[in-house]
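Peer 1: As annotated in Swiss-Prot:
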- His5: active site (ACT_SITE)
- His41: active site, nucleophile (ACT_SITE)
- Glu25, Asp27, Asp85: Mg(2+) binding site (BINDING)
- Cys45-Cys51: disulfide bond (DISULFID)
- Cys47-Cys190: disulfide bond (DISULFID)
Amino acid sequence: WIMGHMVNGISQIDQFVNLGANSIETDVSFDKQANPEKTHHGVPCDCGRNCRYQTKFPDFLKALRKATTPGDSNYHEKLILVVFDLKTGKLSENQAYDAGTKMARNLLQHYWNNGDNGGRAYIVLSIPYLKHYGLITGFKEALKNEGHEELLEKVGYDFSGNDYLSDVKEAYRKAGVTGHVWQSDGITNCWLRGFKRVKQAVANRDSADGFINKVYYWTVDKRVTTRKSLNAGVDGIMTNYPDVINSVLNESAYKTKFRVATYDDNPWETFKN
């Protein structure tokens, strides 16, 4: 999965997919009532990027639905996964549950079209704080209460805070999550980060009793880091330059071992090294 980083303006959806992304990451900010308000990262952000793109959340979801609905004039067959990077830093632990229910209702109405031929992409809810695991509970319960529990088949989860994996496992236990787990590891492209923890995550994925299904590394903009990520055995690479990742995947060392995922590849299924 080649994951276009910080796609917060509607025009950026086309831009990143046309560069070769089959997945995008979108930042979601919340208001004081725990409503998902807009797609916006803000300052500071990755080096070399404009941090200020923003779109009202329902409007972004509608555009995303068009981009992922077969037959729509804006449809991109390649765009199969969307990671919502949920900026929950200003929310209390109690509000995390509310944020989850409101995320679910927004997605149900504006993205899934109330279950009637909505967008087809898989969704990952990426949460920065383990203490906000209630967001997952709220999300799941809201979809059940709305009569659309089947849409949870399209939803996965990620805790993005680079926490100890044992603590991540415990947060999922509290949230009642078994499966559909993506594990991120990384840092802004302005800094260098080693591969120790990402290798631990891959080892968990590949073990008989691991809780992780997929591992992705962020933010990778250089060819040398791309190669190191692939050598570590990751499933996804988040990048500001999807074309760079694509070109490395076409190198002789990698093109027989890796390919770009399509809609037929189940993002919740563990593919072991």
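Note that Cβ sites are derived from N, Cα and C of the backbone, with glycine treated the same way.
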Peer 1: Within 10 Å of each Cβ, count the other Cβ atoms and name the one among the disulfide-bonded residues Cys45, Cys47, Cys51, Cys190 with the highest count.
Peer 2: Cys45
Peer 1: Which site among Glu25, Asp27, Asp85 has the most other CB atoms no more than 10 Å from its CB, taking these as binding-site residues?
Peer 2: Glu25
Peer 1: Among the recorded positions His5, His41, Cys45, Cys47, Cys190, report those whose Cα falls within 10 Å of that of Asp27 (Mg(2+) binding site); none is a fine answer.
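Peer 2: Of everything listed, what lies within 10 Å of Asp27 (Mg(2+) binding site) (Cα to Cα) is His5, His41.
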Peer 1: Rounded to a whole number, how many Å is the Cα of Asp85 (Mg(2+) binding site) away from the Cα of His5 (active site)?
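Peer 2: Between the alpha carbons of Asp85 (Mg(2+) binding site) and His5 (active site) there are 10 Å.
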Peer 1: With an 8 Å cut-off on Cβ-Cβ distance and a minimum sequence separation of at least 6, pull the same-chain contacts of His41 (active site, nucleophile), or say none.
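Peer 2: Listed in sequence order, they are Met6, Asn8, Asp27, Cys51, Tyr53, Lys87.
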Peer 1: Could you tell me the C-alpha distance between Glu25 (Mg(2+) binding site) and His5 (active site) in angstrom, no decimals?
Peer 2: 5
Peer 1: Within the same chain, and leaving aside Glu25, Asp27, Asp85, name every residue whose CB is within 8 angstroms of the centroid of the CB atoms belonging to the recorded Mg(2+) site, in sequence order.
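Peer 2: Leaving out the recorded residues gives His5, Met6, Val7, Asn8, Thr26, Val28, His41, Val83, Phe84, Leu86, Lys87, Ser126.
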Peer 1: Within its own chain, what residues at least 6 apart in sequence put their Cβ under 8 Å from the Cβ of the residue listed as 'active site', listed in sequence order?
Peer 2: Glu25, Asp46, Arg49, Trp218, Thr219, Met238, Thr239, Asn240
